[in-house]
Amino acid sequence: MAKSKFEYVRLFESDDRCLSNTWIVVRIDGKGFHRFSTEHGYEKPNDVRALSLMTKAATSVMEEFKDICLAYGQSDEYSFVFRKETQAYSRRSAKLSTNVCSLFTSSFVYYWNEYFPTSRPLYPPVFDGRTVLYPSNQNIRDYLSWRQADCHINNLYNTTFWALILKGGLTPSEAEQKLKGTLSGDKNEILFSQFAINYNNEPAMLRKGTVLVRRRVPVAIPDGGTREKSQIVQEYSDIIGDEFWNENNHLLTLS
Ligand code: GTP
Ligand code: MG
């Protein structure tokens, strides 16, 4: 077929294919969710409905993109890890990040009502998305450890901050002042001595964030009995230590 004289503009597009044999992570993050969470009445410090909606949207993404072997989410963010050898969209960076981000965002709105049955989003939520490459298994583990450590630091701070306000009667600026310069042991101590809260007994989903992986699980078949089926399951595991990776060795080895 004859090409138009305009065809040459295609050459202005850059090739953004990700390097072969590297882990591809797409991370999405809510834009201005400090405001979005306030305006939509999210519970403080954690809103289980909102976190569950994030996980529902992330599950939709994993159902669509079979080459995502693990996803990790906390607060207003989710990271999607593609198999090292994935050929999805010929490994084109923008194709991967925009498709993941778009499906995540539309799913977040699509399923909103299942988690917030009495309200509608007051304005369209926005998520940004980026693609980052990690060459070694140690790098990808360190990346996930970084996100889970971030979850721990923020959640311990927020749990203590809101206990001081909601149960201790402090103003936000008094609570901020009290927590200035404190270490994690100090925050654990405040929670325990002032509010009888043992931080380690807080729900694992809030302390650790959510890990999505595919597992073979038994499902019932019509004539009785069960058969195994691959399903996306949510877990709240520690992904910083070795145990999770020893038990899930298959995630880091080429298939
Ligand atoms: P940008 O990402 O830079 O656009 O800013 P942001 O306002 O989204 O902040 P950031 O991504 O750093 O942090 C997420 C923010 O979302 C937190 O600071 C909280 O204000 C809010 N948030 C996330 N999850 C919850 C929740 O379960 N409950 C409440 N109350 N707020 C939450
Ligand atoms: Mg954000």
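Placed from the backbone N, Cα and C atoms, the Cβ positions cover glycine too.
When the candidates ASP76, ASP142, ASP150 are compared with the Mg(2+) 1 site entry in TrEMBL, which names ASP29, GLY30, the shared residue is ASP76. In terms of local Cβ density within 10 Å, SER75 ranks first among the binding-site residues ASP29, SER75. Of all Cβ atoms in the shown protein chains, 21 besides its own fall within 10 Å of the Cβ of GLY30 (Mg(2+) 1 binding site). Here the domain 'Thg1 C-terminal' (138-220) has a mean pLDDT of 97 out of 100. Ligand 2 lies within reach of ASP76 from the binding-site residues GLY32, SER75, ASP76, judged by a C-beta closer than 6 angstroms to any of its atoms. The DSSP secondary structure for LYS31 (GTP binding site) is coil.
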